[in-house]
Structures are given as C-alpha cells and as structure tokens.
Amino acid sequence: MRQLTLGGVAVRVAITLLCVLWFIPTLGLLVSSFRDEADVKTSGWWTVITDPFSQWTFDSYRQVLESGMANAFVNSIVVSVPATLLPIMIAAFAAYAFTFMRFWGRNVLFMLIVGLLVVPLQVAFVPLLNLFTDYDLNGTFLAVWLAHTGFGMPLAVYILRNYMSSLPHEIIESAEIDGASHFQTFWRLIVPMSVPALAAFAIFQFLWVWNDLLVALIFLGAGDNEVVTITLRDLIGDKGQEWHLLTAGAFITMTVPLLVFFSLQRYFVRGLTAGSVKG
Amino acid sequence: MSDDPFLKIVNGLVAIVLGVGGTAALYWVLNFLVGLLPGKWDRRIKPYVFVGPAVLVVTVFLIYPALMTVIFSFADANSINWVGFQNYVDLFQDKEFLGTLFNNLLWILIVPAGSVIVGLLVAVLADRLKALPERIAKSVIFMPMAISFVGASTIWGFVYATRFAQGDKQIGLLSAISTSLGFEPVAWLRIQTGSLNDLLLIVIMVWLQAGFAMVLLSSAIKGVPDDTVEAARIDGASEIQIFFQVVVPQIWPTVIVVFVTILILVLKVFDIVYVMTGGRSGTSVLANTFFVELFEFGDAGRAAAVVVVLMIAVIPVMIYQMRQFKKQEAR
C-alpha cells in the first residue's frame with residue numbers, strides 16, 4: 001500500500017486538501033493577530049504572502065491585555081481549577097461504591113446518573129439562579145464552582161465507574177481478605193489505579209469549564225469576575241469593528257486549552273473514547 | 001471580592017484547599033462515624049456514605065432545578081400566577097418560535113451526519129499514511145476540539161466578514177473569494193434564502209466536531225481485524241466494497257455512539273448562534289431563545305417552557321442511552 005500508486009497519490013491529495021481547509025480559518029486569525037491595526041482593517045490577512053517582512057507587531061496583544069483580558073485570564077484559572085478538582089473527588093467515591101459495593105438502590109441510582117448525562121443544562125438555570133440569589137451567591141466564584149460541580153458530576157461518575165469496572169476484581173477481594181476497609185482500599189488501591197481515567201476526566205472538565213460561556217454568563221456575568229469567554233464575547237459584540245483586538249483576544253483565550261490539549265493529547269483522546277457523552 | 005489578581009489567586013487556592021480538603025475530611029468523618037456502628041449496620045450504611053454526596057449534588061443542581069423548571073413553565077413571567085398551558089400555546093402560535101424549531105432540526109440533521117462523514121473520511125485516509133503524516137493530519141483536524149465555541153465564532157466571524165464601501169478591499173476570506181469572482185459583497189449571516197445563514201453557522205459546528213468523530217472512528221477502524229479485510233481482498237473485492245461491506249458494519253456501533261453524542265451536543269447549541277448573530281435574521285435556536293426570553297424579555301415562564309420543549313426533545317435520546325447501557329451491562 002505504500003507505493004506511489006494513483007490511489008496513493010489521490011489519498012495524499014485528498015487529505016492534504018482537507019487539512020488545509022481545516023487549518024486556514026485558524027491560520028487567518030493567527031496571522032491577523034500579529035498585524036498592524038490599520039492593515040488588519042483594510043487588507044486581507046493573506047496579503048502577507050506577497051509581503052512577508054513588514055507590519056508584524058505585538059500591539060494588539062498589548063492593547064487587549066491592558067483592556068481587561070489579563071484580569072479575565074486570572075479569573076478563568078481561578079474558576080477552572082476548583083471546578084475541575086471538586087467534582088472529581090466526589091465522583092470517585094461514588095464510582096467506587098457503584099463498582100465495588102452492594103447496596104439497595106444501586107442500579108436505580110446509577111441509571112439515574114446515566115439518564116442525567118443527556119439532560120440539557122438549561123433546565124437548571126432559572127431555579128439555580130433563584131437558589132443562589134437566596135444565598136447571595138450570584139456573581140461569585142463559589143456559584144460557578146458549585147454549578148460546574150453539579151453539571152459535571154454525571155459524566156464524572158459515568159467515566160470513572162466504567163473505568164473502575166474494568167479493573168480486576170480479585171485485587172479488591174484480596175484486599176478485603178487482608179482486612180482492609182473500603183476507605184483504605186479506595187485511597188491506596190483504586191485511586192492510584194484509576195489515574196488514567198481521573199486524568200482524562202480532569203482534562204475534559206478543565207477544557208469544558210475554560211471554554212464555557214453559558215454557565216459563566218448566567219452565574220458570574222460581566223464585571224470584575226468575568227472570565228475570558230465573556231471578555232471575548234464583549235469584544236465581538238461591542239467592538240465588532242476592532243478586528244485587531246478580537247484576533248489577539250481570541251488567541252489569548254485559546255492558549256491554555258491548546259497547551260493542555262497538545263501536552264496531554266494522549267489522555268484527552270482516551271477520555272473521549274472512555275466516556276463519549278456530555279450532559 | 002477584590003480587583004487584585006493576587007487576592008483572587010489566594011481565593012482560588014483557599015477554595016481548592018477548603019473545598020477538596022473539606023470534602024475529603026467529610027468523607028473521612030462520615031466513614032469514621034459509620035465505622036462505630038455494629039458490623040452489620042456498618043456494611044449496610046457505608047455505601048451511602050460513598051455515594052451520598054454525589055447523589056446530593058446531582059439532586060440539588062440538576063434534578064430539583066429541572067422539576068422546578070417544569071413547574072415554572074406553567075406560571076407567568078415572574079413565576080407568581082399560574083397560567084396553565086398558556087406559555088406553550090403562545091410559543092407554538094409564534095411563527096418565529098416555529099422557525100427556531102426548524103433551525104434546531106436543521107442543526108441536528110446536518111451536524112452529526114456531517115461530522116461523522118468528515119471524521120470517517122479523515123480516519124480512513126489518514127490510516128493509509130505513514131505514522132508521522134498521519135499524526136500531523138489528525139492533529140490538524142482534531143485541534144478545533146480545544147477551541148471554545150466563542151473562539152471558533154471569532155475565527156469564522158473573520159472568514160465571513162464583509163466590507164461594503166466602494167473600493168474597500170475585503171478582509172474576510174469568503175467575501176474576498178466571492179468578490180474576486182465578480183459578485184457584489186453581501187452580509188453572509190443575513191442571507192435567509194435557503195437558510196444560507198443557518199448553514200454557515202452549522203459549518204462552524206461541523207468544523208469543531210469532526211475531530212471528535214475522527215478520533216473515535218479511527219480507533220474503531222484500527223480495531224477491525226485484518227483477516228476479515230484480507231479475506232475480502234482475496235475474494236476480489238475492491239477497496240470501496242471492502243470499506244462499505246466489511247469495515248463499516250464492524251464499526252457501526254461506534255458510528256452510532258459518535259452520532260448520538262454529537263446529537264446531544266447539537267440539541268443544546270447556544271454559543272455559536274448567540275455570539276455570531278444573537279439569533280437575528282431567523283437564525284435562533286432553542287437555547288438562544290431561552291436566553292433571550294429570560295434575560296432580554298425577563299419572562300421566566302416562557303423561558304422555562306422553551307427548555308421544557310428542549311427537554312422533551314432529549315427524552316428519546318435519554319431512553320436510548322439507558323437501554324444501550326443496560327445492554328452493555330448484560331454482556
């Protein structure tokens with residue numbers, strides 16, 4: 001199959017075309033973000049091909065960072081990390097019980113979790129807003145942490161439980177015979193053995209929270225605590241003509257997910273393959 | 001909360017320590033208390049210590065609010081007086097809402113199928129390349145997965161941008177191509193003829209999701225046993241016949257999983273429409289209408305009714321998922 005047959009050439013041409021097609025929109029944004037404001041607004045980014053040694057600048061990045069993006073970047077980190085770690089621990093305990101313990105209502109409860117995987121988040125917003133208002137939580141980080149913990153829980157339990165049920169049961173049984181309690185078995189055996197699944201979910205949830213606009217818009221809103229997706233949305237909405245700021249802003253918001261994604265791609269892919277549903 | 005980024009980071013760290021540490025401590029204390037009970041009760045109650053907090057969380061943040069939303073959908077804008085089915089009647093008599101439903105249908109018809117087709121194409125083609133080019137090709141297609149919907153909207157907003165003044169050069173790729181072919185510049189996202197603006201938004205979602213489809217389908221294709229393919233080849237089947245008659249039937253379960261997963265995602269599509277058009281020019285979808293009803297018109301009743309419609313649309317998928325899971329467990 002490796003010879004350069006007609007079919008082989010066709011395959012190469014087709015895949016190259018697809019890749020170019022997929023990459024061009026992003027490339028346009030990347031190139032534009034380093035161009036001068038006047039150039040971005042008056043000529044296409046592809047003109048740099050004929051004039052490659054002019055007009056490069058970091059001005060747009062500097063401007064957009066100074067106009068609130070730096071603050072939003074910090075906020076996004078403060079939102080994303082706890083919103084990733086909190087659901088993992090709670091879900092890990094539950095997944096352990098669903099996998100290794102027998103109790104009344106186990107199957108019903110787990111089916112409930114499977115069902116909740118597909119429930120659209122929107123159904124929860126109005127009552128949760130009311131609830132958070134009662135406790136004066138709207139616009140605080142705590143509100144988003146809690147909301148993301150709740151919304152991420154079904155997928156977390158589902159992925160971790162599926163992974164744990166693939167672990168050899170004999171290990172747990174022998175631990176039990178040796179007199180280990182469930183609590184000890186959980187911390188000393190199951191958690192270390194589940195690291196791939198825990199990492200996969202962590203990456204998944206982190207990207208989801210970092211990239212989320214809707215939950216942030218509703219429970220955090222604009223202002224001091226706004227996250228990068230909201231800042232970017234405002235750039236698009238209010239300054240629709242400020243293309244130079246928009247391109248730089250978009251790339252700043254993309255740095256963290258792309259970094260996470262390219263450094264941990266292996267785990268990320270495994271996470272997708274393990275639990276390919278998100279509620 | 002303060003403006004100072006340092007304080008915010010401290011705040012976040014405290015949340016991690018208190019939240020994660022506190023939760024761990026909670027489990028430890030509960031476990032310890034239950035451990036004091038006599039053996040039989042200890043064994044009976046301990047599972048609920050492990051499972052309880054997770055169940056509590058989904059109850060408070062998903063089940064309770066979902067039920068409340070159903071109740072609110074039968075009440076007025078401020079959730080004070082009952083209005084019966086009035087919100088639903090209003091919705092279904094509203095032409096714009098029917099258009100929204102049609103748009104959602106368009107999204108769920110095109111995005112899952114489109115993503116699966118592109119994903120499958122890339123998976124099959126890349127499978128025939130050497131290791132390095134295969135990895136590069138897959139990374140390029142997969143990369144949009146890491147980009148937020150808002151980021152993707154920015155990227156594509158730039159593709160669809162148009163300048164109208166006489167003598168202006170185009171900065172958007174699509175307009176540059178169309179004007180160089182001699183067409184007049186047009187505002188792409190306002191063209192309602194043939195739902196063109198909807199389709200342009202849908203393209204963004206396919207661009208984002210094809211990578212996801214590719215990853216799962218690619219691993220499924222690699223799992224197809226070589227001897228089944230070889231046997232067909234010896235029988236004289238062409239590559240295309242082999243693909244459709246040998247490979248596709250074996251990866252079909254994965255195709256369905258990918259399809260359903262993207263379907264669920266698409267039913268709730270919000271960010272792209274909200275950011276790109278705000279639902280104007282007949283591009284709205286359910287999730288966007290919900291947002292507009294709630295925050296622009298302040299009508300909690302109608303907003304609730306909109307999401308209940310969305311929830312009803314999801315129920316068949318939910319039943320399917322639960323059935324699939326039961327089948328999988330029975331195996």
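Each Cβ is built from the backbone N, Cα and C atoms, and glycine gets one as well.
Curation plays no part in TrEMBL annotations; they are all automatic predictions.
Per TrEMBL, these features apply:
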- B:101-321: domain 'ABC transmembrane type-1' (DOMAIN)
- B:12-36: transmembrane segment (TRANSMEM)
- B:48-75: transmembrane segment (TRANSMEM)
- B:105-127: transmembrane segment (TRANSMEM)
- B:139-159: transmembrane segment (TRANSMEM)
- B:201-222: transmembrane segment (TRANSMEM)
- B:242-265: transmembrane segment (TRANSMEM)
- B:303-322: transmembrane segment (TRANSMEM)
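Contact count against the transmembrane segment (B:105-127) (Cβ pairs under 8 Å) is highest for B:201-222, out of B:12-36, B:48-75, B:201-222, B:242-265. The stretch from B:12-36, B:201-222, B:242-265 that makes the most Cβ contacts under 8 Å with the transmembrane segment (B:48-75) is B:12-36. Listed as Cβ neighbours of the transmembrane segment (B:12-36) (distance under 8 Å, sequence separation of 6 or more from its ends, same chain) are residues 42, 45-46, 49-50, 52-53.
Counting residues 6+ beyond its ends, the transmembrane segment (B:242-265) has Cβ neighbours under 8 Å at 108, 111-113, 115-116, 119-120, 124, 209, 212-213, 216-217, 219-221, 223-224, 228-229, 232-233, 314, 317, 320-321 in the same chain.
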